[in-house]
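In what follows, a structure is listed as structure tokens, so that the remarks can point back to it.
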């Protein structure tokens, strides 16, 4: 399989291409044995630009492997131009926009997304504020306004708190603080003082000792901090703490940040 | 328009629901006058779970407005169960997976995405490493390994460097440092010393004086730092610096982080 030439994949969009990439990649995940070579053409907003892209697609179509082309363009003329390519086009808007229009009983504006600016401005600003908050409260750096957090991720150092925090902030506009469990916290059956009154918002991360040790080795090779023994101890104590205070928990070695973020959001939604 | 009841929107997925949400929301953007009430049902992996979701959908269908249901489920039995709902289902996998299979001449595995774990593990790890790097190098905090940055965002304080940095790191696995232009940099026709030799990787952010002043007022109300005069001066000097060193530039007041990230990536791709 690996000797087959890669399949050229093109993502076309009149905006950033995020939707085309997300949906296209979700489909490509179903073909784990194939090799793909991805190229993005964002911001195709004029027929002229579409024509240039078609020339590139058609050149690629002359190669050994038929290219896959994923497209999300709302503007009818641009779309019509792109469809002139000899490549088969998988157009996520084509059929779906008409179906959505039918269900809603409303005509869509059929404008490139960028022309509406940032979509929901309030939601956008909330996301940006959440990123600021996340950075200020990363790794227990600031205890100021910890009670403004919607979620507080706790766990031993290098369990995956930071990327999960950033994902929740950036994609979902959730105010997340993350708070590391350290030496003195492991000796205590109580939660660390700054988060004690905020137990309801805490979410505990854990991982496997082997994985934690590996990640810590990269940072401080040969240290006792990175030793398997130390990692095993910290994780066991952290998990006991989570259990003792009925704090929901996830294993970051088994899940991506996207999956963890989804589970965390669902957990707090069901509670509230 | 605003007196109409909101349209219930459901996102269904056997994984996180990110693809269903991204594509669904891209379509909903075409209806700026309508009001939507969104609900996510992720991780629907069994027929049993699908049945429960169908019950919820059908209950919603009894309401005043027909719900919109966006779905991306790869598992055939789960999909068949979901299609039993009385709600019309917009299934991004349905048609597209078959078309992709046809073009590729390969059968897709039709497994829920989570069963493949994190997709491309190397790419995933790179993204996580990029987030760590971005946090270490946020706001010029650390000059260590600045030359490991793929991109260095420069600009006056509060121009949008941090969220853009995080987005590039988290979504694209790009190593981004961000470096604030401050007082002494504005008096100098040279780039700040730490980034001088790295000019080729610099990207300048700017915004409007009014917007910058507004953002700074939120942080330090009434300060000279937040004054329109000061903001105008800093932006003018920063833009002169970008021009003088032929550093590509974007106005963060006119673009979302997603748009800026896309433009930044395209800029550096075309150069390399």
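The backbone N, Cα and C atoms fix where each Cβ goes, glycine too.
Within the same chain, the residues at least 6 positions away from residue B:161 (ADP binding site) whose Cβ sits under 8 Å from its Cβ are B:139, B:153, B:154, B:155, B:178, B:180, B:205, listed in sequence order. Residue B:161 (ADP binding site) falls within a helical segment according to DSSP. The feature ADP binding site is assigned by TrEMBL to B:155, B:156, B:157, B:158, B:159, B:160, B:161, B:162.
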Densest Cβ neighbourhood among B:157, B:162 (binding-site residues), 10 Å radius: B:162
Given the ADP site residues B:155, B:156, B:157, B:158, B:159, B:160, B:161, B:162, which other residues of that chain have a Cβ within 8 Å of the mean position of their Cβ atoms, reported in sequence order? B:178, B:180, B:205, B:207, B:252
Report the member of B:155, B:156, B:160 (the binding-site residues) whose C-beta atom has the most other C-beta atoms within 10 angstroms. B:155
Hey, which of our binding-site residues B:155, B:158, B:159, B:162 end up with a Cβ under 8 Å from chain A? B:162
